[in-house]
Amino acid sequence: MVNAVKQIPTFLNDGANAIEADITFKGAVPTYSYHGTPCDFGRDCIRWEYFNVFLQTLRDYTTPGNSKYREKFILFVLDLKTGSLNNHEVRKAGENVAKGLLENYWNNGNNGGRAYVVLSLPDIAHYEFIRTFKEVLKTKGHENLLDKVGYDLSGPYWPSLPSLDSVHEAFKKAGVDGHVWLSDGLTNWAALDDMARLKQIVERRDSENGFISKVYYWSVDKYSTTRTALEVGVDGIMTNYPYVIIDVLNEAKYKDKYRLATYDDNPWETFKN
């Protein structure tokens with residue numbers, strides 16, 4: 001939802017504890033935080049920043065002692081637009097994103113940003129991205145930073161979404177056991193569906209053979225949709241209007257059950273009510 005650095009403080013001031021950015025590629029090189037048209041209704045689709053600059057700015061907002069530091073800003077999602085990449089480019093993209101984060105966000109392990117990171121990929125066939133990403137951090141001597149990283153494999157959406165068993169197999173191929181965030185959703189101008197897929201994901205998360213740590217839903221901009229998503233049992237909500245989520249969380253029905261996550265909460269641990 002946030003692709004320009006000037007938008008970051010606006011979302012944080014409205015109550016967000018996390019942000020999502022769309023990362024576009026030139027070949028295998030992550031180049032811009034940019035979505036383009038069409039996008040959610042009411043959203044500025046053409047805001048952008050250079051990838052490295054965006055990461056450096058995120059580091060400022062999540063590094064204690066920095067003048068821009070925000071204690072409540074604890075996580076960001078990189079929506080990686082790898083849909084058009086071939087298998088070789090996907091592997092190289094994983095390498096390049098790892099190097100970009102290591103240098104520009106984690107500051108090569110020297111007092112870098114402390115936020116958790118979720119890497120979201122649009123195709124379960126792109127599991128090699130994750131394998132390469134992890135291997136780069138290990139080779140560079142920063143395997144410990146993988147403790148801060150989660151993964152989302154959620155597509156492709158056309159012609160139909162993959163089964164959850166297929167998603168699970170992709171994570172196994174990626175070498176991922178835990179740290180799994182799984183998303184579902186619709187653009188905010190689409191007619192609201194019955195959330196059947198979302199309910200299926202939540203049920204799988206809570207099952208004995210569940211492989212999912214957290215479930216998040218997008219794009220939730222209405223009070224009514226927020227309430228419905230909470231009733232289904234999501235762990236996170238992606239919105240263009242953070243204050244809407246804050247307002248609902250403060251309602252009598254929800255305030256004793258839900259709250260915004262803090263840095264001390266484990267983003268890879270499934271919440272048990």
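A Cβ is built for glycine as well, from the same backbone N, Cα and C atoms used for every other residue.
Keep in mind the model is a prediction, meaning the values are calculated, not measured.
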Of Asp60, Asp79, Asp123, which does Swiss-Prot put in the Mg(2+) site with Glu20, Asp22?
Asp79
Hey, what's the Cβ neighbour count for Asp22 (Mg(2+) binding site) at 10 Å?
22
Cα-Cα separation of Asp79 (Mg(2+) binding site) and Cys45 (disulfide bond), in Å?
14
Could you measure between Cys45 (disulfide bond) and Glu20 (Mg(2+) binding site) for me? Cα positions, answer in whole angstrom.
14
For Asp22 (Mg(2+) binding site), which of the three DSSP-derived states applies: helix, strand, or coil?
strand
